[in-house]
Amino acid sequence: MKRAVVVFSGGQDSTTCLIQALHQYDEVHCVTFDYGQRHRAEIDVASALAASLGARAHKVLDVTLLNELAVSSLTRDSIPVPDYDPDAEGLPSTFVPGRNILFLTLASIYAYQVQAEAVITGVCETDFSGYPDCRDEFVKALNHAVALGMARDVRFETPLMWLNKAETWALADYWGKLDVIRHQTLTCYNGIQGDGCGECAACHLRANGLSQYEADKPAIMAAMKQKTGLK
């Protein structure tokens with residue numbers, strides 16, 4: 001039996017990964033992390049989506065220690081979430097240092113326990129906010145370290161790594177779940193489900209990608225298929 005663990009936040013990217021994993025694996029587990037993030041709604045949305053989409057199990061892990069160590073606008077109410085600014089330089093205040101290091105490591109431990117061969121994460125280099133822990137080289141390096149440390153060939157999969165946001169929308173549409181992604185996920189840094197606040201960087205990327213996809217569906221669907229190998 002093929003099993004996978006999806007690092008699951010209930011946002012657009014991880015939900016798209018879950019939808020695809022449910023078609024490609026016999027058994028899919030979701031793991032969500034409570035790190036004292038700004039909006040508890042993220043966890044509630046993830047739980048509802050995992051159940052409605054048909055995940056085998058959904059585990060919520062308490063990692064609130066990260067909140068004590070990582071200062072970010074996603075972990076501190078006193079730090080405002082910035083609006084989208086295409087000219088901003090440096091790491092945005094929404095970067096949570098060490099988050100993906102911790103999440104992927106803990107997801108690998110969970111994968112070990114449920115005998116899953118893959119840990120799936122929705123990180124992406126094409127449309128990202130400069131986060132260093134979303135880079136392909138980081139994921140591959142950590143995968144190598146985790147496999148050595150566990151003496152087990154767990155595989156990190158990054159289905160969205162080379163897709164832009166329009167192509168990520170196309171992938172959801174390919175699996176017949178575009179409306180689920182649009183209306184039921186929570187990507188907004190201000191904690192608003194669906195189309196979100198429309199002002200933060202996450203909402204900007206999401207809305208811009210959807211507009212691009214709707215403007216040229218055939219070409220973008222074809223590009224997505226070419227990158228992913230889907231027929």
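Any Cβ shown, glycine's included, is placed from N, Cα and C.
These numbers come from a predicted model, not from an experiment.
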In Swiss-Prot, CYS197, CYS200, CYS203 are given as binding Zn(2+), so which of CYS134, CYS188 is in that site too? CYS188
Rounded Cα distance, in Å, between GLY10 (ATP binding site) and CYS188 (Zn(2+) binding site) is 11
Rounding to whole Å, the Cα atoms of SER14 (ATP binding site) and CYS197 (Zn(2+) binding site) are apart by 19
Look up SER14 (ATP binding site) in the DSSP assignment and report helix, strand or coil. helix
